[in-house]
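For reference, the structure discussed in these notes is given below.
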Amino acid sequence: VRATEKFAPIYFFCHPLQSAETDVAERANKRPIWIMGHMVNANYQIDEFVNLGANSIETDVSFDSSANPEYTYHGVPCDCRRWCKKWEYFNNFLKALRKATTPGDSKYHEKLVLVVFDLKTGSLYDNQAYDAGKKLAKNLLQHYWNNGNNGGRAYIVLSIPNLAHYKLITGFKETLKTEGHPELMEKVGYDFSGNDNIDQVANAYKKAGVTGHVWQSDGITNCVASFIRGLDRAKKAVKNRDSSNGYINKVYYWTVDKYATTREAFDIGVDGIMTNYPDVIANVLNESAYKGKFRLATYDDNPWETFKN
């Protein structure tokens, strides 16, 4: 080597790996949040709400007199500043939902990972609950899960308003088993949405043989100021979730459209917020007080896994 030549310095860069490890650690320490678009009952609203920031939607399901799921329809009254009468035939909605949650489809939304079916079983007799669950399972199996052949991938929550209708869960579960697809129950969770006493809800799950995959809702229509209802029951649900012997895995609060109420809900540690304005919730998630503690849930987040305060 001539004296005039110099060796080029060699640098070892570890930053990408360190950065990835840091990202994983930070992600693990942040509570995953489901922004739940409320009352998504027309096919076109799937795109609308996801584009506004929702990673989850809630859809109303009405039943006919024979306990067949018939329409995605809410009807009047509903939340203030919303049109209550948008609807679709249930099976047609399921097909649109399948396209929106199947990778590779032209209508696919990677962000849409959870669907809450608000089951309007109030029109049914208590002894029809099992049949409603059975027929709901058959419809989902055919039109959403595509009979187990590359169907929609979203997680599903069956939200039931009446504790007396716990046999809907039994009918749903037993039908998937009979039809040869018990593995799909891994994608299914539960919610009793009637704002009942937490202990009474626990008893209904016991009757239904449910020991996991539980979301607990709490809330009131946006037509009533949130401070009138308050967050007392939601706090009890969070306390149950965080206890060593609680039955709740996730807690969501509804219907939240205001920035102040969103912050209050995040402050007590909810996992999901149902809203008519997903962009409001997304904006709060990005505020400096919250972006270090919370993040938008993705498909990699198990919605049946408990994240305690």
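In case you wondered, yes, glycine gets a Cβ from its N, Cα and C as well.
Taken from Swiss-Prot as is:
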{"type": "ACT_SITE", "residues": "H38", "note": "active site"}
{"type": "ACT_SITE", "residues": "H74", "note": "active site, nucleophile"}
{"type": "BINDING", "residues": "E58, D60, D118", "note": "Mg(2+) binding site"}
{"type": "DISULFID", "residues": "C78-C84", "note": "disulfide bond"}
{"type": "DISULFID", "residues": "C80-C223", "note": "disulfide bond"}
{"type": "CARBOHYD", "residues": "N286", "note": "N-linked glycosylation site"}
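Features per Swiss-Prot, on structure.
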residue : record                      : Cβ contacts under 8 Å, 6 or more apart
H38     : active site                 : E58, D79, R82, W254, T255, M274, T275, N276
D60     : Mg(2+) binding site         : M39, N41, T72, Y73, H74, D118, K120
C78     : disulfide bond              : M39, C84, T221
C80     : disulfide bond              : T221, N222, C223
N286    : N-linked glycosylation site : none
Entry from the binding-site residues list E58, D118 having the most other CB atoms no farther than 10 A: E58
Among C84, C223, which are disulfide-bonded residues, the residue with the most C-beta atoms within 10 angstroms of its C-beta: C84
Cβ-centroid neighbours of Mg(2+) site E58, D60, D118, 8 Å, sequence order: H38, M39, V40, N41, T59, V61, H74, V116, F117, L119, K120, S159
